[in-house]
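One structure, as structure tokens, below. Some questions next.
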């Protein structure tokens, strides 16, 4: 069997039906590498489907809220006279107005949509803490399956309001709250499962590529919802809801949670990487001791005390505030901003907004690769957040000139905004989830991941909420809010950045003082 341990009856019973079927067809046990591939593919599809359903509400907003000139939020009080010339040809007339969907078709429709976002993201962030706690204690395959099917049900129920002619605001509010609760099961679960199978070698790059599921989900959700919008906004929600439920069944049939449950000994070179003494808060994702030690799940307060968790969690608060404001409001903003003197249709605006996520894919990969190369997570994350500030300014100031300039600036903005967001929620969370202070406890990944992403999700709830109110008066104020948030996110990592710079200076000094023969040894010590 090679690296496969002799399976027991209990192990065989714990294997998903799909895995047992593959082994039956193959007439042999599945290798460790194959298990890793299955884990990466299944978790990629799972979380991409989460984001696809999450993205749909940003697309249907333009159908729910009418193109009323009073609610367009086009008061360019700071930059309008110099940077945003408006011609008579771009003026919206009564013939361009849409009926919208009650109760979102009134003057306060934009604010009500902001309340819907708040309801979703509030329960999502609150549920994240409980999801991490439960994820370290339950079968992650079952837990993730229930979360995905529940997400599909409530996403579809929101769309059913179209066919059943529902105009009660409370209905949509409650549906979004329950959808957010089920959505919170996703991230802690997929990170914990990937952490169980993947080691430290090139973690930033690998998880940066794997984290493309976020942008792939956003892009696919935008394209599906935009394409179906012409048939009625209900379809834009019901179809993605059905898709995530189907993928949830794939998770139930094929997802292997741990090597032990599959009867694999897990002896991989990548799991035995030695830690470096100058990394401080960074430790191997799954060091040898972490795999072998069986300990009780880590408590909530204990996880908060792990060095590096608090500053990265607070940084993610402001980082996700920026990212999720774009996630929920970018199509709405594009459809209400004249680009080269023309207003784009709702479908075109939804499709165009995917360029932000395409830039996010590159940003996540670059941030992971750079942090691996520099061996500095905090420096990389802070640098990207500082670069996001001018990117936001240029997109707001010059994105209206032409469609091509808008696409380029949107792509660059997505790269710098989503880069640190992807890095912190993947590689950094995995680093901190196996910190040496845990004494090799292997049941902390979901809890630590949930704390970091849960705190970030509070910011994700705050950004779209504030945007719903602020945009009704001025989109300039919205972008100022986003730039300030990006600045604060970078500043919160200052202490960690200084520590990383100091460590590198010390290593450089030791290298210069050591004779050539002992350079490598001196670095390792």
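Each residue, glycine too, has its Cβ placed from N, Cα and C.
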Scan 170-197, 198-225, 450-477 against TrEMBL and say which stretch is down as transmembrane segment.
170-197
Match it up for me: which of 284-305, 350-371 does TrEMBL list as transmembrane segment?
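It is 350-371 that TrEMBL annotates as transmembrane segment.
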Of 88-108, 109-129, 235-255, which range does TrEMBL call transmembrane segment?
235-255
Which range is it, out of 401-423, 424-446, that shows up in TrEMBL as transmembrane segment?
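Comparing 401-423, 424-446 with TrEMBL, transmembrane segment matches 401-423.
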Are the transmembrane segment (30-50) and the transmembrane segment (235-255) close, by which I mean at least 3 Cβ pairs under 8 Å that are 6+ residues apart in sequence?
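Per Cβ check, the transmembrane segment (30-50) touches the transmembrane segment (235-255).
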What residues in the same chain, six or more past the boundaries of the transmembrane segment (478-503), come closer than 8 Å to it by Cβ-Cβ distance?
73, 78, 278-281, 308, 311-312, 314-319, 321-322, 325, 329, 376-379, 381-383, 385-386, 388-389, 392-393, 395-396, 417, 420, 459, 463, 466-467, 470-471
